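*Asks:* As annotated in TrEMBL:
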type	residues	note
ACT_SITE	Glu328	active site
BINDING	His327, His331, Glu407	Zn(2+) binding site
DOMAIN	41-225	domain 'CAAX prenyl protease 1 N-terminal'
TRANSMEM	20-38	transmembrane segment
TRANSMEM	122-144	transmembrane segment
TRANSMEM	171-189	transmembrane segment
TRANSMEM	195-216	transmembrane segment
TRANSMEM	349-371	transmembrane segment
TRANSMEM	377-402	transmembrane segment
Amino acid sequence: MALPLLGELWAELPVEKRVFCSVLLFSWAVYLWEAYLARRQRRVYRTTTHVPWELGQIMDSETFEKSRLYQLDKSTFSFWSGLYSELEGTLILLCGGIPFLWNVSGKISARAGFGPEYEITQSLIFLLLATLFSAVTGLPWSLYNTFVIEEKHGFNQQTLGFFFKDAIKKFIVTQCILLPVTSLLLYIIKIGGDYFFIYAWLFTLVVSLVLVTIYADYIAPLFDKFIPLPEGELKEAIEMMSKSIDFPLTKIYVVEGSKRSSHSNAYFYGFFKNKRIVLFDTLLEDYSALNKEQPEGEDGEDDDIKSKVKNKKQGCKNEEVLAVLGHELGHWKLGHTVKNIVISQMNSFLCFFLFAVLIGRKELFAAFGFYETQPTLIGLMIIFQFIFSPYNEVLSFCLTVLSRRFEFQADAFAKELGKAKDLYSALIKLNKDNLGFPVSDWLFSMWHYSHPPLLERLQALKDAKQD
């Protein structure tokens, strides 16, 4: 009797109320699903206190315990920050936070001499206030993560002053990109006519390609120092390997990632015949600042960075770095980068097309408190963030599965280059340096891991390594 009664009550609700309730219910359903998965994984962290026999050859008990405690702290932090985020989002929706902020933006715009007809101006003020609110409310969580969790486990290299300078710089750079791009996108949607979704999609495609092209040359150097990899054995070996697979390498950079964290990374970027490789200094045993004693009394920018010298070497040897790059270049050679771009743009086009179909539905705006006006920016937020959320969850899972497949293929490519042995040891070192925990719950791993678990990758490399 209860279910039919609930069904009748649901049917009697206005369309906008049903839309609003559906969005809230789905948001909490996703949160509870994520919390359930995280709880399963925390159980693994708590109960797996000894190195499993299959890991005995690759991981000592001290490192295993350090990684277990690190991941347990991260998971607990993620639970509380996720709960806060969900409660904050729910309160914003229930209390009409979005229309309130839109009205505040309108008043600020009016005081500056811009009337209601200047919707794009009001939209930019709204966007600035919304991102500022997000930055302020997220700041305590970011501080705790950096100066409690990362500090406790030896990864943080920042001082408080460096952290705040970095956060302010990130906010300013983000606004310098976000506001002009958003204003042009809104203008295109306004004047684009019946086929505005095609022009909007083409515009976002161009913007994304430009940002990918200029990021490492003009944006990333605002935050980290990039220097050319010095002449020597490693550079020559990278150039030879690139040439052997026809990778059009033009430059190799080392970025001083050790100034903010001891986590390591490597990537390549660029289009057509202009490819560049970026290596974090924490990846390179011979270049990592964390492996070197800092001279006393050294002045300059490094005064803002903590000097933390470790007893054990961090990073990989040259042969292992080459193996890691062989894996990364495998993504290029096998067309993974192009495939990801194609999938991303197909998804973007589909979303803009559906946005064009739904933007005229006034009940969607009414569901979130906009009864008199239907601002384009608010429509983008409602449709892309809320209405598309079930589709986004399914797409995210599918891309995670695809990513794991690509990672296995890239490992196999490095194996074909004769790098199986070195990649095997590099993966173990990187897991140790980053305190990755090698044991995972199967459901948590399936849903979240974009990279296969360490043991699965090592097993795939083992036969070739033995050969």
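Backbone N, Cα and C atoms are what each Cβ position is placed from, and that goes for glycine too.
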*Asks:* For the transmembrane segment (20-38), which stretch among 122-144, 195-216, 377-402 has the most Cβ pairs under 8 A?
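*Replies:* The stretch I would name here is 377-402.
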*Asks:* Looking only at the domain 'CAAX prenyl protease 1 N-terminal' (41-225), what is the mean pLDDT?
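*Replies:* The average pLDDT of the model in the domain 'CAAX prenyl protease 1 N-terminal' (41-225) works out to 93.
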*Asks:* Find the member of 122-144, 195-216, 377-402 that has more C-beta pairs under 8 Å to the transmembrane segment (171-189) than any other listed stretch.
*Replies:* 122-144
*Asks:* Using a Cβ cut-off under 8 Å and a sequence separation of 6 or more, which residues in the same chain sit near His331 (Zn(2+) binding site)?
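*Replies:* Listed in sequence order, they are Thr337, Phe406, Ala410.
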*Asks:* Can you work out which residues elsewhere in the same chain, 6+ from the ends of the transmembrane segment (122-144), have a Cβ less than 8 Å from its Cβ atoms?
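*Replies:* Long-range Cβ neighbours of the transmembrane segment (122-144): 77, 81, 84, 88, 101-102, 104-106, 108-109, 114, 116, 163, 167, 171, 174-175, 178-179, 182-183, 186, 375-377.
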*Asks:* When the number of other CB atoms within 10 A of each residue's CB is tallied over all shown chains, which of the recorded positions Glu328, Glu407 has the maximum?
*Replies:* Glu407
*Asks:* Excluding the flanking five residues on each side, which residues at least 6 beyond the ends of the transmembrane segment (377-402) place their CB within less than 8 Å of a CB in that stretch?
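*Replies:* Contacts of the transmembrane segment (377-402) (Cβ under 8 Å, skipping residues fewer than 6 from its ends): 19, 23, 26-27, 30, 98, 102, 123, 126-127, 182, 186, 343, 347, 351, 354-355, 358-359, 364-365, 367-368, 370, 447-450.
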*Asks:* About how far apart, in whole Å, are the alpha carbons (Cα) of Glu328 (active site) and Glu407 (Zn(2+) binding site)?
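*Replies:* Distance between the two Cα atoms comes out at 9 Å.
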*Asks:* Cβ within 8 Å of the Zn(2+) site centroid (His327, His331, Glu407 excluded): which residues?
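*Replies:* Here the nearby residues are Glu328, Gly330, His336, Phe406, Gln409, Ala410, Asp411, Phe413, Ala414.
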*Asks:* With an 8 Å cut-off on Cβ-Cβ distance and a minimum sequence separation of at least 6, pull the same-chain contacts of His327 (Zn(2+) binding site), or say none.
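*Replies:* Non-local contacts for His327 (Zn(2+) binding site): Ala410, Asp411, Phe413, Ala414, Lys419, Leu423.
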